[in-house]
Amino acid sequence: MAAEGGKIDPMHQFLIEPVLGQRWVVGGYDLSFTNSALWMVITLVTLWLFMLGGMKRELVPGRWQAAVEGFTGFVQNMLTSNVGPEGKRFVPYVFSLFMFILFANILGLMPVGIVPGWHPFTITSHLTVTGVLAIISFSIVLIVGFGKHGFHFFSLFVPHGTPVLMIPLIFVVELLSFLVRPFSLGLRLFVAMTAGHILLKVLAAFVINGLNMGVGYAAIISLPSLVLMIGITLLELLVAAIQAYVFALLTSVYLNDAVNLH
Amino acid sequence: MDATAAKLLGAGLAAIGMGIAALGVGNVFAAFLEGALRNPGAADGQQGRLFIGFAGAELLGLLAFVTMIILVFVA
């Protein structure tokens with residue numbers, strides 16, 4: 001894909017196009033079933049199967065149930081250690097968020113391309129998707145914060161012990177750092193995924209172009225690139241897990257601000 | 001200097017920011033490991049803070065990357 005005619009085109013993999021070949025335009029809006037939508041469905045079905053296989057309530061958990069309980073316990077532990085006992089209310093949301101991002105990231109790295117006609121698509125490599133996830137998190141923080149504390153929520157922007165002279169300045173700085181949170185949250189996930197996939201595609205193009213140029217080039221270009229690619233793929237698996245964790249962790253930290261106000 | 005050359009030079013300069021962010025991320029984990037080896041008992045409780053620091057340091061590198069991509073593909 002990337003190496004057609006020897007030209008490296010690492011951005012083509014992020015193109016959103018209709019799966020069924022034709023666009024379906026309703027009232028000026030393009031509502032076609034795109035590859036992005038398809039991979040969201042695949043992520044959802046995988047997640048659903050994973051949870052359904054493990055939610056068994058057996059006294060002695062099997063391997064599958066232990067895996068699911070490991071994830072739920074992990075998220076619950078993260079929330080209770082960051083938000084406190086009230087964090088349990090947010091376990092369903094943060095768990096869905098964490099699992100969706102984790103599965104989407106890992107499914108995007110799967111070698112689906114070996115099946116002819118199929119291309120893996122990482123839905124989290126688009127700012128539209130991660131941005132909406134970040135906005136949902138931020139809205140929940142705002143709703144919880146204002147619902148629980150009312151206008152007292154604004155005291156979040158003035159830390160304890162601030163000198164009176166400094167309050168106007170600190171308020172503006174804290175407000176800015178609060179308002180920039182959804183952007184940084186969405187941008188981080190999107191860019192981390194995009195950067196990794198561009199790097200992998202460029203290395204893959206090196207391998208293919210080297211092979212096309214003959215045995216000598218294959219030995220000095222393709223082989224080292226392939227070895228590097230295997231290493232980077234393992235690193236990307238780690239990044240996929242870390243980014244899902246960081247997104248869930250930062251959401252729970254922000255929830256802590258909303259629930260406990262410093 | 002024509003506009004394309006300036007764009008590509010800017011993209012190259014943005015790559016320096018990514019290198020410096022790499023120093024930052026390394027620094028976060030190095031400091032954590034240093035502390036964790038001195039007091040292994042307290043290390044597990046601080047992993048959340050470790051990743052918050054990591055996320056902050058990493059974000060600035062990713063912003064440099066976004067600048068680069070925008071310069072090459074959008075601007």
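From the backbone N, Cα and C atoms, a Cβ is placed for every residue, glycine too.
Given the structure is predicted, the values throughout are model-derived calculations rather than measurements.
The domain 'V-ATPase proteolipid subunit C-like' annotation in TrEMBL covers B:9-71.
Counted within 10 Å of its Cβ, the other Cβ atoms near B:Glu58 (site 'Reversibly protonated during proton transport') come to 23, all protein chains included. Residues or ranges marked as site 'Reversibly protonated during proton transport' by TrEMBL: B:Glu58.
Proximity of distant same-chain residues to the transmembrane segment (B:12-32), defined by a Cβ-Cβ separation under 8 Å and at least 6 residues beyond the stretch ends, is recorded for 43, 46, 50, 53-54, 57-58, 60-65, 67-68, 71. Per TrEMBL, the feature transmembrane segment maps to B:12-32 (among others).
The transmembrane segment annotation in TrEMBL covers B:52-74 (among others).
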